[in-house]
Amino acid sequence: MAFQDLIIQIGSLGRFQILHMIFVLICHALSAPHTLLENFTAAIPSHRCWVPILDNDTASDNGSRILSQDDLLRISIPLDSNLRPDKCRRYIQPQWHLLHLNGTFPTVTEPDTEPCVDGWVYDQSTFLSTTVTQWDLVCGSQALNSVAKFIYMTGIFIGYIMGGHLSDKFGRKLIFTCSLLKMAITETCVAFAPSFLIYCSLRFLSGIFSSTLRTNSALLILEWTSPKFQALVMALIFIASGVGQTLLGGLAFAFRNWHHLQLALSVPMFLLLIPTRWLSESARWLIMANKPQKSLKELKKAACVNRIKNSGDALTLEVVKTIMKEELEAAQTKPSPLDLFRTPNLRKRICLLSFVRFVSVMSLLGLLINIQYLSNNVFLLQCLYGVVCIPANVLGNFSMNYMGRRMTQLIFMSVLGISILAVVFLPQEMQILRVFLSTLGGAISSASITSTLVHANELVPTIIRATALGVVGIAGSAGGALSPLLMILTTYSASLPWIIYGILPFLGGLVALLLPETKNQPLPDSIQDIENKRKSSKEAKKDVVAKVTPL
(Lines of atoms letter the chains of each structure in order from A and count residues from 1; the text may use other names and numbers.)
(Lines give C-alpha, C1' and ligand atoms only; values in the text may rest on other atoms or scores of the structure.)
Protein backbone atom coordinates (compact mmCIF):
# COMPACT_ATOMS: atom_id res chain seq x y z
CA MET A 1 0.00 0.00 0.00
CA ALA A 2 3.04 2.28 0.43
CA PHE A 3 3.06 3.59 -3.13
CA GLN A 4 0.29 5.99 -2.11
CA ASP A 5 2.86 7.72 0.12
CA LEU A 6 5.06 8.34 -2.92
CA ILE A 7 2.11 9.68 -4.94
CA ILE A 8 1.17 12.10 -2.14
CA GLN A 9 4.80 13.20 -1.90
CA ILE A 10 4.99 14.18 -5.59
CA GLY A 11 1.40 15.50 -5.84
CA SER A 12 -1.60 13.22 -6.26
CA LEU A 13 -3.35 15.37 -8.90
CA GLY A 14 -1.07 18.11 -10.17
CA ARG A 15 -0.01 19.48 -13.55
CA PHE A 16 1.77 16.23 -14.40
CA GLN A 17 -1.37 14.11 -13.94
CA ILE A 18 -3.59 16.69 -15.63
CA LEU A 19 -1.38 16.83 -18.75
CA HIS A 20 -1.33 13.04 -18.90
CA MET A 21 -5.08 12.99 -18.46
CA ILE A 22 -5.77 15.49 -21.25
CA PHE A 23 -3.75 13.46 -23.74
CA VAL A 24 -5.33 10.14 -22.76
CA LEU A 25 -8.83 11.65 -22.83
CA ILE A 26 -8.23 12.91 -26.38
CA CYS A 27 -7.16 9.38 -27.33
CA HIS A 28 -10.37 8.00 -25.85
CA ALA A 29 -12.49 10.60 -27.62
CA LEU A 30 -11.06 9.54 -31.00
CA SER A 31 -10.87 5.77 -30.42
CA ALA A 32 -14.22 5.18 -28.68
CA PRO A 33 -16.39 6.05 -31.74
CA HIS A 34 -14.90 3.14 -33.70
CA THR A 35 -16.89 0.69 -31.59
CA LEU A 36 -20.14 2.36 -32.67
CA LEU A 37 -18.99 3.31 -36.17
CA GLU A 38 -21.05 0.58 -37.84
CA ASN A 39 -24.24 2.28 -36.68
CA PHE A 40 -23.58 4.45 -39.73
CA THR A 41 -21.04 2.70 -41.96
CA ALA A 42 -23.11 -0.51 -41.83
CA ALA A 43 -26.58 1.05 -41.65
CA ILE A 44 -29.31 -0.78 -43.57
CA PRO A 45 -31.23 1.68 -45.77
CA SER A 46 -34.64 0.99 -47.26
CA HIS A 47 -34.31 -1.26 -50.29
CA ARG A 48 -36.17 -3.31 -52.88
CA CYS A 49 -35.38 -5.56 -55.81
CA TRP A 50 -34.02 -4.05 -59.01
CA VAL A 51 -36.60 -4.49 -61.77
CA PRO A 52 -36.13 -3.53 -65.44
CA ILE A 53 -39.47 -1.79 -65.85
CA LEU A 54 -38.66 0.54 -62.94
CA ASP A 55 -34.92 0.99 -63.00
CA ASN A 56 -33.93 0.53 -66.66
CA ASP A 57 -34.12 3.92 -68.38
CA THR A 58 -34.53 2.30 -71.79
CA ALA A 59 -37.60 0.31 -70.73
CA SER A 60 -40.64 1.49 -72.66
CA ASP A 61 -42.62 -1.68 -73.22
CA ASN A 62 -46.37 -1.68 -72.65
CA GLY A 63 -46.39 2.07 -72.28
CA SER A 64 -44.66 1.95 -68.93
CA ARG A 65 -43.33 5.46 -69.41
CA ILE A 66 -46.79 6.94 -68.88
CA LEU A 67 -47.30 5.15 -65.57
CA SER A 68 -46.32 6.63 -62.22
CA GLN A 69 -43.55 5.19 -60.07
CA ASP A 70 -46.15 3.92 -57.58
CA ASP A 71 -48.02 2.05 -60.31
CA LEU A 72 -44.83 0.50 -61.65
CA LEU A 73 -43.85 -0.52 -58.14
CA ARG A 74 -47.25 -2.08 -57.59
CA ILE A 75 -47.05 -4.33 -60.63
CA SER A 76 -43.39 -5.26 -60.05
CA ILE A 77 -42.98 -5.85 -56.29
CA PRO A 78 -45.34 -7.90 -54.08
CA LEU A 79 -46.46 -6.64 -50.69
CA ASP A 80 -45.12 -8.09 -47.46
CA SER A 81 -47.09 -8.94 -44.31
CA ASN A 82 -47.12 -5.23 -43.35
CA LEU A 83 -48.60 -4.30 -46.76
CA ARG A 84 -45.36 -2.62 -47.79
CA PRO A 85 -43.26 -3.43 -50.88
CA ASP A 86 -41.30 -6.61 -50.22
CA LYS A 87 -37.56 -6.05 -49.77
CA CYS A 88 -36.39 -9.43 -50.99
CA ARG A 89 -38.69 -10.65 -53.78
CA ARG A 90 -40.16 -9.42 -57.05
CA TYR A 91 -42.71 -10.66 -59.58
CA ILE A 92 -41.25 -12.72 -62.40
CA GLN A 93 -43.55 -10.88 -64.84
CA PRO A 94 -45.24 -7.49 -64.39
CA GLN A 95 -48.74 -7.97 -62.95
CA TRP A 96 -50.69 -5.49 -65.08
CA HIS A 97 -54.02 -6.66 -63.76
CA LEU A 98 -53.14 -5.19 -60.34
CA LEU A 99 -53.71 -1.73 -61.82
CA HIS A 100 -57.40 -2.53 -62.21
CA LEU A 101 -59.24 -2.27 -58.94
CA ASN A 102 -62.66 -3.24 -60.32
CA GLY A 103 -61.79 -6.93 -60.46
CA THR A 104 -61.89 -7.15 -64.29
CA PHE A 105 -58.87 -9.43 -64.13
CA PRO A 106 -59.43 -11.74 -61.20
CA THR A 107 -56.45 -13.66 -59.88
CA VAL A 108 -56.96 -17.38 -59.40
CA THR A 109 -53.49 -18.11 -58.06
CA GLU A 110 -50.73 -16.07 -56.44
CA PRO A 111 -48.39 -14.59 -59.06
CA ASP A 112 -44.97 -16.24 -59.27
CA THR A 113 -42.15 -14.38 -57.54
CA GLU A 114 -38.39 -14.72 -57.44
CA PRO A 115 -35.48 -13.43 -55.31
CA CYS A 116 -33.64 -10.26 -56.26
CA VAL A 117 -31.46 -11.94 -58.88
CA ASP A 118 -30.44 -8.61 -60.44
CA GLY A 119 -29.56 -6.91 -57.16
CA TRP A 120 -31.23 -4.20 -55.12
CA VAL A 121 -32.08 -0.53 -55.30
CA TYR A 122 -31.27 1.39 -52.11
CA ASP A 123 -32.75 4.56 -50.70
CA GLN A 124 -30.04 7.24 -50.62
CA SER A 125 -31.96 9.92 -48.75
CA THR A 126 -30.10 9.18 -45.48
CA PHE A 127 -26.91 7.35 -46.49
CA LEU A 128 -25.19 7.64 -49.86
CA SER A 129 -23.15 4.51 -49.29
CA THR A 130 -22.69 1.89 -46.55
CA THR A 131 -21.02 -1.49 -46.34
CA VAL A 132 -24.51 -2.95 -46.74
CA THR A 133 -25.08 -1.24 -50.08
CA GLN A 134 -21.54 -1.96 -51.28
CA TRP A 135 -21.71 -5.71 -50.68
CA ASP A 136 -25.51 -6.23 -50.70
CA LEU A 137 -25.75 -7.40 -47.08
CA VAL A 138 -29.54 -7.66 -47.13
CA CYS A 139 -32.20 -10.36 -47.27
CA GLY A 140 -30.42 -13.74 -47.22
CA SER A 141 -27.10 -12.02 -46.44
CA GLN A 142 -28.42 -9.64 -43.78
CA ALA A 143 -27.07 -11.83 -40.96
CA LEU A 144 -23.55 -11.03 -42.23
CA ASN A 145 -24.07 -7.51 -40.92
CA SER A 146 -24.36 -8.88 -37.37
CA VAL A 147 -21.47 -11.25 -38.07
CA ALA A 148 -19.23 -8.27 -38.98
CA LYS A 149 -20.02 -6.64 -35.64
CA PHE A 150 -19.43 -9.97 -33.90
CA ILE A 151 -16.00 -10.26 -35.55
CA TYR A 152 -15.02 -6.77 -34.35
CA MET A 153 -16.16 -7.60 -30.81
CA THR A 154 -14.22 -10.86 -31.01
CA GLY A 155 -11.14 -8.79 -31.82
CA ILE A 156 -11.77 -6.76 -28.66
CA PHE A 157 -12.16 -10.07 -26.82
CA ILE A 158 -8.75 -11.30 -28.07
CA GLY A 159 -7.23 -7.89 -27.34
CA TYR A 160 -8.14 -8.14 -23.68
CA ILE A 161 -6.54 -11.59 -23.50
CA MET A 162 -3.30 -10.41 -25.11
CA GLY A 163 -3.20 -6.79 -24.00
CA GLY A 164 -3.31 -7.29 -20.25
CA HIS A 165 -0.53 -9.87 -20.25
CA LEU A 166 1.66 -7.84 -22.63
CA SER A 167 1.10 -4.70 -20.58
CA ASP A 168 2.18 -6.38 -17.34
CA LYS A 169 5.24 -7.77 -19.13
CA PHE A 170 6.42 -4.86 -21.30
CA GLY A 171 4.84 -1.83 -19.62
CA ARG A 172 1.87 0.44 -20.14
CA LYS A 173 3.52 3.04 -22.38
CA LEU A 174 5.01 0.69 -24.99
CA ILE A 175 1.82 -1.31 -25.48
CA PHE A 176 -0.25 1.89 -25.54
CA THR A 177 1.92 3.46 -28.27
CA CYS A 178 2.04 0.30 -30.40
CA SER A 179 -1.72 -0.18 -30.11
CA LEU A 180 -2.40 3.43 -31.10
CA LEU A 181 -0.21 3.12 -34.21
CA LYS A 182 -1.67 -0.21 -35.31
CA MET A 183 -5.25 0.88 -34.72
CA ALA A 184 -4.69 4.01 -36.82
CA ILE A 185 -3.23 1.90 -39.66
CA THR A 186 -5.91 -0.81 -39.67
CA GLU A 187 -8.87 1.57 -39.38
CA THR A 188 -7.51 3.68 -42.24
CA CYS A 189 -7.07 0.57 -44.38
CA VAL A 190 -10.67 -0.46 -43.65
CA ALA A 191 -11.88 2.41 -45.85
CA PHE A 192 -10.11 0.84 -48.84
CA ALA A 193 -11.13 -2.78 -48.22
CA PRO A 194 -11.88 -4.36 -51.64
CA SER A 195 -14.01 -7.19 -50.25
CA PHE A 196 -16.20 -7.98 -47.27
CA LEU A 197 -13.74 -10.65 -46.08
CA ILE A 198 -10.83 -8.18 -45.98
CA TYR A 199 -13.09 -5.61 -44.33
CA CYS A 200 -13.95 -8.05 -41.52
CA SER A 201 -10.29 -9.08 -41.14
CA LEU A 202 -9.16 -5.47 -40.73
CA ARG A 203 -11.96 -4.72 -38.27
CA PHE A 204 -10.94 -7.80 -36.28
CA LEU A 205 -7.37 -6.48 -35.98
CA SER A 206 -8.67 -3.03 -35.10
CA GLY A 207 -10.74 -4.55 -32.29
CA ILE A 208 -7.60 -6.16 -30.83
CA PHE A 209 -5.68 -2.89 -30.84
CA SER A 210 -8.67 -0.89 -29.60
CA SER A 211 -9.07 -2.90 -26.40
CA THR A 212 -5.34 -2.89 -25.58
CA LEU A 213 -5.23 0.86 -26.22
CA ARG A 214 -8.09 1.62 -23.85
CA THR A 215 -6.91 -0.71 -21.09
CA ASN A 216 -3.42 0.79 -21.04
CA SER A 217 -4.57 4.39 -21.39
CA ALA A 218 -6.76 4.00 -18.30
CA LEU A 219 -3.91 2.41 -16.36
CA LEU A 220 -1.52 5.21 -17.34
CA ILE A 221 -3.81 7.68 -15.55
CA LEU A 222 -5.09 5.58 -12.65
CA GLU A 223 -1.66 4.41 -11.50
CA TRP A 224 -0.48 8.01 -11.18
CA THR A 225 -3.37 9.15 -8.97
CA SER A 226 -4.45 8.53 -5.39
CA PRO A 227 -7.61 6.50 -4.59
CA LYS A 228 -9.79 9.51 -3.83
CA PHE A 229 -9.38 10.79 -7.42
CA GLN A 230 -9.74 7.47 -9.24
CA ALA A 231 -13.54 7.57 -9.50
CA LEU A 232 -13.21 11.07 -11.00
CA VAL A 233 -10.62 9.82 -13.49
CA MET A 234 -12.83 6.96 -14.70
CA ALA A 235 -15.79 9.34 -14.99
CA LEU A 236 -13.67 11.69 -17.13
CA ILE A 237 -12.64 8.79 -19.37
CA PHE A 238 -16.28 7.97 -20.04
CA ILE A 239 -17.10 11.63 -20.51
CA ALA A 240 -14.40 11.67 -23.19
CA SER A 241 -16.05 8.63 -24.76
CA GLY A 242 -19.33 10.57 -24.70
CA VAL A 243 -17.65 13.46 -26.49
CA GLY A 244 -16.43 10.91 -29.04
CA GLN A 245 -19.98 9.64 -29.54
CA THR A 246 -21.22 13.18 -30.12
CA LEU A 247 -18.37 13.71 -32.58
CA LEU A 248 -19.39 10.50 -34.36
CA GLY A 249 -22.98 11.69 -34.73
CA GLY A 250 -21.83 15.02 -36.15
CA LEU A 251 -19.32 13.51 -38.58
CA ALA A 252 -21.81 10.87 -39.71
CA PHE A 253 -24.30 13.65 -40.50
CA ALA A 254 -21.63 15.47 -42.52
CA PHE A 255 -20.17 12.41 -44.29
CA ARG A 256 -22.93 10.18 -45.68
CA ASN A 257 -20.46 8.02 -47.64
CA TRP A 258 -19.04 5.31 -45.36
CA HIS A 259 -15.52 5.53 -46.87
CA HIS A 260 -15.29 9.24 -46.05
CA LEU A 261 -16.64 8.76 -42.52
CA GLN A 262 -14.16 5.95 -41.87
CA LEU A 263 -11.23 8.13 -42.94
CA ALA A 264 -12.50 11.17 -41.01
CA LEU A 265 -12.27 9.17 -37.76
CA SER A 266 -9.10 7.21 -38.54
CA VAL A 267 -6.55 9.59 -40.08
CA PRO A 268 -6.46 12.03 -37.08
CA MET A 269 -5.27 9.16 -34.87
CA PHE A 270 -1.85 9.35 -36.53
CA LEU A 271 -1.42 12.85 -35.06
CA LEU A 272 -1.77 11.41 -31.55
CA LEU A 273 1.47 9.49 -32.02
CA ILE A 274 3.50 12.71 -31.76
CA PRO A 275 2.84 13.44 -28.03
CA THR A 276 3.53 9.81 -27.00
CA ARG A 277 7.27 10.56 -26.87
CA TRP A 278 6.63 12.73 -23.79
CA LEU A 279 4.32 10.21 -22.14
CA SER A 280 5.66 8.78 -18.86
CA GLU A 281 5.63 5.11 -17.95
CA SER A 282 3.69 4.10 -14.84
CA ALA A 283 6.06 4.42 -11.86
CA ARG A 284 3.92 1.93 -10.00
CA TRP A 285 4.42 -0.67 -12.76
CA LEU A 286 8.17 0.04 -12.91
CA ILE A 287 8.47 -0.71 -9.19
CA MET A 288 6.42 -3.89 -9.48
CA ALA A 289 8.54 -4.87 -12.51
CA ASN A 290 11.62 -4.57 -10.25
CA LYS A 291 12.90 -1.42 -11.96
CA PRO A 292 13.15 1.01 -9.02
CA GLN A 293 15.77 3.25 -10.69
CA LYS A 294 13.53 3.97 -13.69
CA SER A 295 10.61 4.43 -11.33
CA LEU A 296 12.60 6.98 -9.32
CA LYS A 297 13.36 8.90 -12.52
CA GLU A 298 9.65 9.10 -13.43
CA LEU A 299 8.70 10.11 -9.88
CA LYS A 300 11.23 12.96 -9.90
CA LYS A 301 9.95 14.06 -13.29
CA ALA A 302 6.39 14.16 -11.94
CA ALA A 303 7.47 16.11 -8.85
CA CYS A 304 9.29 18.62 -11.05
CA VAL A 305 6.28 19.15 -13.35
CA ASN A 306 3.99 19.46 -10.32
CA ARG A 307 6.42 22.04 -8.84
CA ILE A 308 6.64 20.24 -5.53
CA LYS A 309 9.58 21.89 -3.77
CA ASN A 310 12.31 19.73 -2.23
CA SER A 311 10.46 16.49 -3.04
CA GLY A 312 12.95 15.70 -5.80
CA ASP A 313 15.84 15.84 -3.32
CA ALA A 314 13.95 13.75 -0.78
CA LEU A 315 13.23 11.06 -3.36
CA THR A 316 16.18 8.69 -3.48
CA LEU A 317 16.64 5.10 -4.52
CA GLU A 318 16.98 4.09 -0.88
CA VAL A 319 13.70 5.81 0.02
CA VAL A 320 11.87 4.06 -2.84
CA LYS A 321 13.34 0.68 -1.90
CA THR A 322 12.47 1.16 1.76
CA ILE A 323 8.89 2.23 1.12
CA MET A 324 8.29 -0.47 -1.45
CA LYS A 325 10.31 -3.23 0.20
CA GLU A 326 7.46 -5.75 0.36
CA GLU A 327 6.34 -4.95 -3.16
CA LEU A 328 9.87 -5.28 -4.56
CA GLU A 329 10.21 -8.66 -2.90
CA ALA A 330 6.91 -9.74 -4.40
CA ALA A 331 8.07 -8.51 -7.81
CA GLN A 332 10.93 -11.02 -7.79
CA THR A 333 8.32 -13.67 -8.61
CA LYS A 334 6.75 -12.99 -11.98
CA PRO A 335 2.96 -13.44 -11.77
CA SER A 336 1.01 -15.44 -14.34
CA PRO A 337 -2.69 -15.27 -15.26
CA LEU A 338 -3.22 -18.48 -13.27
CA ASP A 339 -2.31 -16.56 -10.10
CA LEU A 340 -5.68 -14.85 -10.38
CA PHE A 341 -7.41 -18.11 -9.52
CA ARG A 342 -5.00 -19.67 -6.98
CA THR A 343 -6.16 -17.76 -3.90
CA PRO A 344 -9.83 -17.89 -2.80
CA ASN A 345 -10.53 -14.20 -2.27
CA LEU A 346 -8.98 -12.99 -5.51
CA ARG A 347 -10.63 -15.85 -7.42
CA LYS A 348 -14.03 -14.84 -6.06
CA ARG A 349 -13.46 -11.21 -7.01
CA ILE A 350 -12.42 -12.07 -10.57
CA CYS A 351 -15.43 -14.34 -11.15
CA LEU A 352 -17.96 -11.84 -9.80
CA LEU A 353 -16.38 -8.90 -11.61
CA SER A 354 -16.39 -10.90 -14.85
CA PHE A 355 -20.10 -11.64 -14.57
CA VAL A 356 -20.97 -8.01 -13.82
CA ARG A 357 -18.89 -6.83 -16.79
CA PHE A 358 -20.42 -9.49 -19.07
CA VAL A 359 -24.03 -8.45 -18.48
CA SER A 360 -23.35 -4.70 -18.33
CA VAL A 361 -21.42 -4.60 -21.62
CA MET A 362 -23.95 -6.84 -23.38
CA SER A 363 -26.81 -4.52 -22.43
CA LEU A 364 -24.81 -1.36 -23.12
CA LEU A 365 -23.76 -2.40 -26.62
CA GLY A 366 -27.18 -3.86 -27.32
CA LEU A 367 -28.52 -0.37 -26.81
CA LEU A 368 -25.74 1.57 -28.54
CA ILE A 369 -25.08 -0.50 -31.67
CA ASN A 370 -28.73 -0.94 -32.59
CA ILE A 371 -29.95 2.66 -32.53
CA GLN A 372 -31.41 2.21 -36.02
CA TYR A 373 -34.13 0.08 -34.40
CA LEU A 374 -34.93 2.72 -31.78
CA SER A 375 -35.34 5.98 -33.68
CA ASN A 376 -35.88 7.32 -37.18
CA ASN A 377 -33.20 9.98 -36.66
CA VAL A 378 -30.03 8.02 -35.88
CA PHE A 379 -27.81 11.11 -36.07
CA LEU A 380 -29.78 12.94 -33.38
CA LEU A 381 -29.95 9.88 -31.12
CA GLN A 382 -26.20 9.28 -31.43
CA CYS A 383 -25.44 12.88 -30.49
CA LEU A 384 -27.89 12.70 -27.58
CA TYR A 385 -26.18 9.56 -26.31
CA GLY A 386 -22.87 11.39 -26.30
CA VAL A 387 -24.17 14.60 -24.72
CA VAL A 388 -26.04 12.92 -21.86
CA CYS A 389 -22.96 10.84 -20.99
CA ILE A 390 -21.39 13.98 -19.51
CA PRO A 391 -24.01 14.76 -16.79
CA ALA A 392 -24.59 11.03 -16.26
CA ASN A 393 -20.94 10.41 -15.42
CA VAL A 394 -20.83 13.49 -13.20
CA LEU A 395 -23.83 12.04 -11.37
CA GLY A 396 -22.13 8.64 -11.31
CA ASN A 397 -18.98 10.13 -9.77
CA PHE A 398 -21.07 11.90 -7.11
CA SER A 399 -22.95 8.68 -6.39
CA MET A 400 -19.77 6.59 -6.09
CA ASN A 401 -18.27 9.07 -3.63
CA TYR A 402 -21.36 9.23 -1.41
CA MET A 403 -23.16 5.90 -1.81
CA GLY A 404 -20.18 3.73 -2.68
CA ARG A 405 -19.38 1.55 -5.67
CA ARG A 406 -21.79 -1.31 -5.00
CA MET A 407 -25.00 0.69 -4.46
CA THR A 408 -24.21 2.88 -7.46
CA GLN A 409 -23.99 -0.19 -9.69
CA LEU A 410 -27.22 -1.64 -8.31
CA ILE A 411 -29.23 1.57 -8.80
CA PHE A 412 -27.84 2.49 -12.22
CA MET A 413 -28.15 -1.01 -13.65
CA SER A 414 -31.73 -1.29 -12.43
CA VAL A 415 -32.65 2.01 -14.12
CA LEU A 416 -30.93 0.80 -17.31
CA GLY A 417 -32.98 -2.40 -17.31
CA ILE A 418 -36.22 -0.51 -16.69
CA SER A 419 -35.56 1.96 -19.54
CA ILE A 420 -34.79 -0.82 -22.06
CA LEU A 421 -37.85 -2.86 -21.12
CA ALA A 422 -40.05 0.24 -21.29
CA VAL A 423 -38.91 0.99 -24.86
CA VAL A 424 -39.77 -2.58 -25.90
CA PHE A 425 -43.45 -2.17 -25.11
CA LEU A 426 -43.91 1.36 -26.47
CA PRO A 427 -45.47 1.65 -29.96
CA GLN A 428 -43.40 3.10 -32.81
CA GLU A 429 -45.73 6.11 -33.00
CA MET A 430 -44.53 7.37 -29.59
CA GLN A 431 -41.17 8.46 -31.01
CA ILE A 432 -40.48 11.26 -28.52
CA LEU A 433 -40.95 9.00 -25.50
CA ARG A 434 -38.93 6.20 -27.15
CA VAL A 435 -36.05 8.59 -27.84
CA PHE A 436 -36.22 9.93 -24.27
CA LEU A 437 -36.08 6.45 -22.71
CA SER A 438 -33.37 5.32 -25.12
CA THR A 439 -31.31 8.38 -24.27
CA LEU A 440 -31.84 7.80 -20.56
CA GLY A 441 -30.72 4.20 -20.99
CA GLY A 442 -27.62 5.27 -22.90
CA ALA A 443 -26.69 7.79 -20.21
CA ILE A 444 -27.25 5.40 -17.32
CA SER A 445 -25.41 2.57 -19.08
CA SER A 446 -22.35 4.77 -19.49
CA ALA A 447 -22.36 5.72 -15.81
CA SER A 448 -22.91 2.11 -14.71
CA ILE A 449 -19.96 0.91 -16.81
CA THR A 450 -17.84 3.66 -15.23
CA SER A 451 -18.70 2.40 -11.75
CA THR A 452 -17.94 -1.22 -12.68
CA LEU A 453 -14.54 -0.22 -14.10
CA VAL A 454 -13.66 1.83 -11.02
CA HIS A 455 -14.71 -1.02 -8.75
CA ALA A 456 -12.73 -3.58 -10.75
CA ASN A 457 -9.58 -1.44 -10.76
CA GLU A 458 -9.76 -1.01 -6.98
CA LEU A 459 -10.32 -4.71 -6.25
CA VAL A 460 -7.29 -6.23 -8.01
CA PRO A 461 -3.58 -5.94 -7.06
CA THR A 462 -1.09 -3.78 -8.95
CA ILE A 463 1.36 -6.60 -9.61
CA ILE A 464 -1.17 -8.31 -11.84
CA ARG A 465 -3.70 -5.52 -12.40
CA ALA A 466 -3.47 -5.28 -16.17
CA THR A 467 -3.79 -9.05 -16.51
CA ALA A 468 -6.73 -9.07 -14.09
CA LEU A 469 -8.48 -6.23 -15.91
CA GLY A 470 -7.75 -8.09 -19.13
CA VAL A 471 -9.50 -11.21 -17.83
CA VAL A 472 -12.48 -9.16 -16.64
CA GLY A 473 -12.40 -7.35 -19.96
CA ILE A 474 -12.54 -10.72 -21.73
CA ALA A 475 -15.87 -11.38 -20.02
CA GLY A 476 -17.08 -7.95 -21.10
CA SER A 477 -15.90 -8.58 -24.65
CA ALA A 478 -17.71 -11.91 -24.68
CA GLY A 479 -20.88 -10.04 -23.76
CA GLY A 480 -20.10 -7.43 -26.40
CA ALA A 481 -19.49 -10.11 -29.05
CA LEU A 482 -22.75 -11.90 -28.26
CA SER A 483 -24.71 -8.64 -28.17
CA PRO A 484 -25.07 -8.12 -31.96
CA LEU A 485 -25.78 -11.82 -32.49
CA LEU A 486 -28.86 -11.53 -30.26
CA MET A 487 -30.45 -9.36 -32.94
CA ILE A 488 -30.68 -12.48 -35.13
CA LEU A 489 -33.44 -13.54 -32.70
CA THR A 490 -35.66 -10.85 -34.24
CA THR A 491 -36.56 -13.45 -36.89
CA TYR A 492 -38.52 -15.21 -34.12
CA SER A 493 -39.68 -12.20 -32.12
CA ALA A 494 -38.91 -8.52 -32.61
CA SER A 495 -38.96 -7.95 -28.83
CA LEU A 496 -36.96 -10.98 -27.68
CA PRO A 497 -33.42 -9.46 -27.92
CA TRP A 498 -34.55 -6.30 -26.12
CA ILE A 499 -36.17 -8.28 -23.30
CA ILE A 500 -32.85 -10.08 -22.78
CA TYR A 501 -30.97 -6.76 -22.85
CA GLY A 502 -33.39 -5.41 -20.24
CA ILE A 503 -33.31 -8.32 -17.78
CA LEU A 504 -29.52 -8.77 -17.61
CA PRO A 505 -28.70 -5.44 -15.86
CA PHE A 506 -30.87 -6.40 -12.87
CA LEU A 507 -28.79 -9.56 -12.40
CA GLY A 508 -25.53 -7.60 -12.70
CA GLY A 509 -26.60 -5.09 -10.05
CA LEU A 510 -27.47 -7.83 -7.57
CA VAL A 511 -24.17 -9.66 -8.12
CA ALA A 512 -22.24 -6.40 -7.55
CA LEU A 513 -23.54 -6.40 -3.97
CA LEU A 514 -21.51 -9.56 -3.30
CA LEU A 515 -18.23 -7.66 -3.87
CA PRO A 516 -16.38 -5.68 -1.15
CA GLU A 517 -16.90 -1.91 -0.96
CA THR A 518 -13.75 0.01 -1.98
CA LYS A 519 -14.72 3.66 -1.48
CA ASN A 520 -11.68 5.61 -0.17
CA GLN A 521 -9.70 2.39 0.23
CA PRO A 522 -6.03 2.22 -0.93
CA LEU A 523 -5.22 0.08 -3.95
CA PRO A 524 -3.84 -3.39 -3.17
CA ASP A 525 -0.33 -3.81 -4.55
CA SER A 526 0.11 -7.58 -4.14
CA ILE A 527 -2.08 -10.67 -4.03
CA GLN A 528 -1.08 -11.06 -0.39
CA ASP A 529 -2.63 -7.66 0.39
CA ILE A 530 -6.02 -9.02 -0.67
CA GLU A 531 -5.69 -12.23 1.30
CA ASN A 532 -4.40 -10.37 4.37
CA LYS A 533 -7.37 -8.03 4.18
CA ARG A 534 -9.69 -11.02 4.12
CA LYS A 535 -8.01 -12.51 7.19
CA SER A 536 -8.15 -9.15 8.99
CA SER A 537 -11.87 -8.81 8.31
CA LYS A 538 -12.50 -12.33 9.60
CA GLU A 539 -10.52 -11.63 12.78
CA ALA A 540 -12.39 -8.36 13.26
CA LYS A 541 -15.70 -10.20 13.02
CA LYS A 542 -14.50 -12.73 15.59
CA ASP A 543 -13.52 -9.90 17.94
CA VAL A 544 -16.95 -8.32 17.57
CA VAL A 545 -18.65 -11.64 18.29
CA ALA A 546 -16.44 -12.17 21.34
CA LYS A 547 -17.29 -8.71 22.70
CA VAL A 548 -21.03 -9.08 22.34
CA THR A 549 -21.23 -12.71 23.51
CA PRO A 550 -22.18 -12.85 27.23
CA LEU A 551 -19.88 -14.79 29.51
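Placed from the backbone N, Cα and C atoms, the Cβ positions cover glycine too.
Listed in Swiss-Prot:
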COMPBIAS  530-545  compositional bias 'Basic and acidic residues'
CARBOHYD  N39  N-linked glycosylation site
CARBOHYD  N56  N-linked glycosylation site
CARBOHYD  N62  N-linked glycosylation site
CARBOHYD  N102  N-linked glycosylation site
REGION    524-551  region 'Disordered'
TOPO_DOM  1-5  topological domain 'Cytoplasmic'
TOPO_DOM  27-145  topological domain 'Extracellular'
TOPO_DOM  167-188  topological domain 'Cytoplasmic'
TOPO_DOM  210-234  topological domain 'Extracellular'
TOPO_DOM  256-259  topological domain 'Cytoplasmic'
TOPO_DOM  281-349  topological domain 'Extracellular'
TOPO_DOM  371-377  topological domain 'Cytoplasmic'
TOPO_DOM  399-406  topological domain 'Extracellular'
TOPO_DOM  428-434  topological domain 'Cytoplasmic'
TOPO_DOM  456-468  topological domain 'Extracellular'
TOPO_DOM  490-495  topological domain 'Cytoplasmic'
TOPO_DOM  517-551  topological domain 'Extracellular'
TRANSMEM  6-26  transmembrane segment
TRANSMEM  146-166  transmembrane segment
TRANSMEM  189-209  transmembrane segment
TRANSMEM  235-255  transmembrane segment
TRANSMEM  260-280  transmembrane segment
TRANSMEM  350-370  transmembrane segment
TRANSMEM  378-398  transmembrane segment
TRANSMEM  407-427  transmembrane segment
TRANSMEM  435-455  transmembrane segment
TRANSMEM  469-489  transmembrane segment
TRANSMEM  496-516  transmembrane segment
Counts by DSSP class (helix H/G/I, strand E/B, coil) across the topological domain 'Extracellular' (399-406): 7 helix, 0 strand, 1 coil
Dominant neighbour of the transmembrane segment (435-455) in 146-166, 235-255, 469-489, by Cβ pairs under 8 Å: 235-255
Selection from 6-26, 189-209, 235-255, 407-427, 496-516, the stretch that has most Cβ pairs under 8 A to the transmembrane segment (350-370): 496-516
Summary of DSSP states over the topological domain 'Extracellular' (456-468), given as helix, strand and coil counts: 11 helix, 0 strand, 2 coil
Contact check, the transmembrane segment (407-427) vs the transmembrane segment (496-516), 3+ Cβ pairs under 8 Å, seq sep 6+: yes
Helix, strand and coil counts within the topological domain 'Extracellular' (27-145) (DSSP): 46 helix, 15 strand, 58 coil
Positions on the same chain near the topological domain 'Extracellular' (456-468), where near means CB under 8 A and six or more residues out: 3, 163-165, 167-168, 172, 215-216, 218-219, 222-223, 227, 230, 234, 284-285, 288, 327, 330-331, 335, 337, 339-340, 346, 349-350, 353, 357, 405, 515-516, 518, 521, 523-527, 529-530
Intrachain neighbours beyond the topological domain 'Cytoplasmic' (167-188), with Cβ under 8 angstroms and 6 or more residues off its ends: 27, 31, 34, 202-203, 205-206, 209-210, 212-213, 215-217, 219-220, 223, 262-263, 265-267, 269-270, 272-273, 276, 279-282, 285-286, 289, 335, 464-467, 470
The topological domain 'Extracellular' (210-234) - residue tally per DSSP class, helix then strand then coil: 21 helix, 0 strand, 4 coil
Whole-number mean of pLDDT values that fall within the topological domain 'Extracellular' (281-349): 76
